[in-house]
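**Student:** Feature annotation from TrEMBL assigns ATP binding site to 15, 16, 17, 18, 19, 20, 123. Annotation comment: TrEMBL describes 19 as Mg(2+) binding site. Among the features that TrEMBL reports, substrate binding site is placed at 37, 61, 84, 141.
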């Protein structure tokens, strides 16, 4: 696997820091950064919560899938931050695994739930959900996230350290 022929795709549950870490990784590699949620908002001139509310989740997932598959199949040297649910779609997963280097940013439930109060307001799938329901969603998605090339445990680490570890891990395993 040659690094310059690929994209780096960051996956993980919502609120784990994919956007912040992705921006840092892209800057360090001098690659373009694409947050797929932000790109959808830009293209559709609507926030993700507004798209969910006005058009529905199916509409959003279709837009998300088309965007990610298009970028993965046509672009190189991009760092993509996927929305938390994007990777659940088989077509997205397959495109990312084939055309990219998929890195799972793994934050434990115990550490993630501490972030919940600061992220719940703009996450449609978390609104009006009991903590146990959110934990079930977290665990279900974690099973899908297990289909990756690399895993970076992020508990107790600042975003800069996670970005550096991500790059080091990819480089050391892709130099041959």
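From the backbone N, Cα and C atoms, a Cβ is placed for every residue, glycine too.
Burial and contacts for the listed features, if you can.
**Tutor:** Residue 18 (ATP binding site) carries a helical DSSP state (H, G or I). Its Cβ taken as reference, residue 18 (ATP binding site) is surrounded by 26 other Cβ atoms within 10 Å in the chains shown.
The Cβ neighbour count for residue 19 (ATP binding site), using a 10 Å radius over every protein chain in view, is 18.
Look at residue 61 (substrate binding site): DSSP puts it in a helix. Neighbour count (other Cβ atoms within 10 Å of the Cβ, all protein chains): 17 for residue 61 (substrate binding site).
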**Student:** Rounded to the nearest Å, what's the C-alpha distance separating residue 84 (substrate binding site) and residue 15 (ATP binding site)? Just drop the number here, would you?
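**Tutor:** Residue 15 (ATP binding site) has its Cα 8 Å from the Cα of residue 84 (substrate binding site).
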**Student:** Provide the three-state secondary structure of residue 141 (substrate binding site) computed with DSSP.
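**Tutor:** In three-state terms, residue 141 (substrate binding site) counts as helix.
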**Student:** Long-range same-chain neighbours of residue 16 (ATP binding site), Cβ under 8 Å, sequence gap at least 6?
**Tutor:** 105, 106, 107, 112, 154
